[in-house]
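J.: Below are the structure tokens for one structure; questions will follow.
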Amino acid sequence: MPGVAFIQDLAVILIVAAAAGWLCRRSGLSPVVGYLAAGALVGPHTPPLTLVAGSERVAAAAQLGLVFLMFSIGLRLSWRRIRRLGFSLLLGTIGGAVMMYYVGRLLGAAMGWTTIESVFFASMLMVSSSTIVGRLVQDSEAMHERAGQLAAGFSLLEAVVAVVMLTVLNSWVHLDNAARPEIGSTLARLGGFIALAAVLGLLLLPWLLRRLGRVASEDLQTLGTAGLLLGGAAVAYQAGYSLALGPFLLGAVVADTPHRAQVERTFDTLRDVFAPVFFVAIGMQVDLRDIGGAWWLVLGISLLTIVARVGTSAVALALTGTPVRDALRAGFILTPIGEFSFIIAQLGLAAAVLRASFYPLVIGIALVTGAVAPWLTRRSAKLADRLLRYQRPWVLDWLQVYHAWLRRLHFRGRLEKLWKVSRKRFWQIGIEVLFVTGLLLFSQQLLGAVQNWLGTDWLFPNGPEVIFWVALSLVVLAPVVAIWRNLSALALVYTQVLTARGERAVSARPLLETALKAVGGGALFFWLAAVLPAEGTARMLLLASAVVALLGLLLLRRRLVYWHSRLEVELQTAVEISDVSEGGGMTEWIEEHGTWRLHIAECTVPDLAECRGQAIAELGVRQRFGCSVVGIDRQGFFISLPEATTVLYPRDRLLLLGTRRQVRAGKEFLLRTSGTAPSLDGIEAVRMETMMVAADSPVVGLSLAALRLARRHGVQIAGIHRGRLRTLNPPATEVLTAGDELLALGTAEQLDEFRTALAPLALEDGK
């Protein structure tokens with residue numbers, strides 16, 4: 001049976017992935033290296049160890065793993081996090097990617113490869129593996145150091161660069177191989193798609209998740225979110241983009257909502273299961289003999305890649321204001337390539353623009369860089385210090401002067417105030433332009449979906465088409481009018497600033513304002529002319545619909561302005577609310593703290609930890625090891641500076657502060673597990689039973705507070721039936737009398753113990 005064969009193949013993949021990941025963890029390597037090697041060993045190219053032969057079935061599971069992997073990467077990258085990472089890190093990421101791209105192009109030219117082969121190869125090397133880098137930063141306990149946060153943020157922003165490159169390369173392979181893609185139109189189309197998905201997602205997803213949270217159970221919420229996730233991947237593929245784009249965008253949108261922690265907690269398990277399947281499937285597609293036959297080429301290019309990635313990343317970060325030592329440390333962490341490089345290689349092979357030898361080459365480079373990366377990460381501080389000792393003093397002096405100049409390079413006086421006033425309007429114009437661009441560029445696909453759903457002659461001949469264009473015109477006109485209003489406001493503001501001095505300048509104010517509005521209006525006209533659909537009668541029908549919509553706009557102007565304002569408020573609320581719920585992120589580093597020798601590390605309390613259920617004071621972590629618990633992340637809720645009476649529970653993420661030796665000893669103590677399992681009597685074991693108080697029972701005449709039933713027996717009195725009176729949830733001052741019928745709450749053992757306590761002389765015996 002095909003289904004049984006798929007289950008067998010998936011079982012083999014998961015078992016070998018678990019074994020390879022465990023071995024790599026024990027040896028200090030990245031688990032991704034083990035997944036790739038395990039896939040190559042059990043795949044169809046390595047007889048007699050060929051344990052998995054159904055490559056088509058495994059490829060389907062790999063696509064599912066790719067979806068969950070991209071979704072998890074998107075969850076870590078949101079608009080708020082980009083703002084916290086800072087514009088300088090964004091510039092550094094772009095600069096490092098561009099430099100690495102040209103290094104790859106030069107290497108391809110030196111190898112005698114064709115232009116398109118060099119472009120694909122350079123694209124494979126220009127982005128690091130977010131999966132490997134994130135794990136390296138966590139395992140090396142560098143997440144709370146400047147270098148670790150720089151590397152993690154740099155890697156996440158490189159994912160955006162990879163998405164852009166995938167789009168450009170995808171447009172290239174669909175053209176003639178000799179032709180070059182139109183970068184401007186390709187990026188505009190991608191920007192429109194992203195803006196369209198982001199705006200619709202921020203408007204609809206929070207509302208949908210709130211509704212699911214109210215009317216559906218948690219399992220139904222998971223099913224609904226999973227359906228949206230897979231549907232997003234299908235929509236991106238149907239729009240002509242990589243399957244990875246949809247989950248990545250959906251994850252980034254969910255990350256900007258208050259439901260991020262819940263969704264992330266739900267899908268972490270699915271990611272942990274299917275992401276290794278993706279890497280194992282990648283390894284299954286390569287023959288280890290091909291890598292071994294070109295071992296010298298793999299090692300040589302891997303060495304060049306490591307040196308180039310360290311150099312380009314460090315230079316880019318240093319040029320954007322990062323101290324040289326931290327820039328070098330981050331560069332050493334950013335050496336491994338991974339998932340995006342594999343996707344780019346698969347795109348080139350599927351389009352037949354790359355030779356088959358490129359695939360084992362990129363897998364070999366990923367294996368080498370992934371194997372070396374943990375060693376480089378652990379020794380990044382020593383390697384950076386050693387490189388700085390050999391650096392020329394004048395270079396370091398020049399960098400210090402340059403960094404001081406960057407710190408002074410801020411807006412001053414009127415320009416600073418002008419930027420603060422106009423910044424929000426520029427962002428609104430940009431988002432609205434991209435949103436309208438996405439609507440118009442993908443209008444034909446949207447119309448096709450509507451016609452497939454309703455038919456071509458619904459209500460009247462060509463009814464869906466006419467209704468669609470009229471509705472689209474109404475939807476587009478509102479943001480277009482908002483763009484014009486923002487342009488007019490900017491023209492007024494800039495006119496006031498530019499003509500603030502001098503009588504002649506003041507007299508020229510109306511002319512300058514009109515000129516600025518004319519420039520803005522002309523740009524608006526040419527932009528709309530460029531993005532309006534021109535296929536068949538679409539343009540004429542859209543223009544006619546625009547006239548009808550314009551009349552509707554005049555009649556419903558106030559209502560449309562109100563709706564548009566509500567949409568803006570909803571978007572801002574969706575982004576701002578979740579700022580409170582998400583911890584972590586990049587913080588401003590004001591001054592170095594290395595001389596204090598203090599270190600911050602994380603650890604998660606295991607399910608069977610010996611410390612579970614005990615207060616921090618009882619554990620004595622600070623007295624015994626010298627480190628302090630300075631934070632607890634409990635189910636997405638952060639407890640800052642917990643009190644000594646705070647009890648630790650399984651799955652708590654603890655933040656420890658101390659020297660490296662103190663933190664390491666504290667982690668070993670907190671991570672100890674016991675051989676005894678916790679009590680299985682959970683909520684499902686709690687029940688209620690009725691019991692009678694006999695006349696000679698020792699509890700007669702005593703209050704509930706004096707009996708201390710909860711402390712002695714773990715039982716709660718939920719109700720008392722006395723004569724014709726029933727008392728629910730009686731107070732602690734209630735006194736028990738003979739003949740009372742008690743409704744007791746507890747487990748079976750607790751209730752049996754309490755029943756025994758009601759018997760004569762039981763209270764005296766228990767004293």
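Residue positions begin at 1 at the first shown residue.
Cβ coordinates are placed from backbone N, Cα and C, and glycine is handled just like the others.
What you see is a predicted model, and the numbers here were worked out from it, not measured in a lab.
Take a look at what TrEMBL says about it:
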type     : residues : note
TRANSMEM : 32-52    : transmembrane segment
TRANSMEM : 58-77    : transmembrane segment
TRANSMEM : 89-113   : transmembrane segment
TRANSMEM : 119-138  : transmembrane segment
TRANSMEM : 150-175  : transmembrane segment
TRANSMEM : 187-208  : transmembrane segment
TRANSMEM : 294-319  : transmembrane segment
TRANSMEM : 331-352  : transmembrane segment
TRANSMEM : 426-447  : transmembrane segment
TRANSMEM : 467-494  : transmembrane segment
TRANSMEM : 515-532  : transmembrane segment
TRANSMEM : 538-556  : transmembrane segment
DOMAIN   : 588-672  : domain 'RCK C-terminal'
DOMAIN   : 675-760  : domain 'RCK C-terminal'
J.: State, in range form, which of 58-77, 331-352, 426-447, 467-494, 515-532 has the highest count of Cβ pairs under 8 Å to the transmembrane segment (187-208).
T.: 426-447
J.: Where, among 89-113, 150-175, 294-319, 515-532, do we find the most CB pairs under 8 A to the transmembrane segment (426-447)?
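T.: The stretch with the most contacts is 515-532.
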J.: For the domain 'RCK C-terminal' (588-672), provide the mean pLDDT of the predicted model.
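T.: Mean pLDDT, the domain 'RCK C-terminal' (588-672): 84.
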J.: Which range wins on Cβ pairs under 8 Å with the transmembrane segment (58-77): 89-113, 119-138, 294-319?
T.: 119-138
J.: Go through the chain and flag residues at least 6 beyond the ends of the transmembrane segment (294-319) whose CB is under 8 A from any CB in it; none is fine as an answer.
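T.: Beyond its ends, the transmembrane segment (294-319) has Cβ neighbours at 89, 91-93, 95-96, 99-100, 103, 107, 125, 128, 150, 154, 326-328, 330-332, 334-335, 337, 357, 360-361, 364-365, 368-369, 372, 376, 399.
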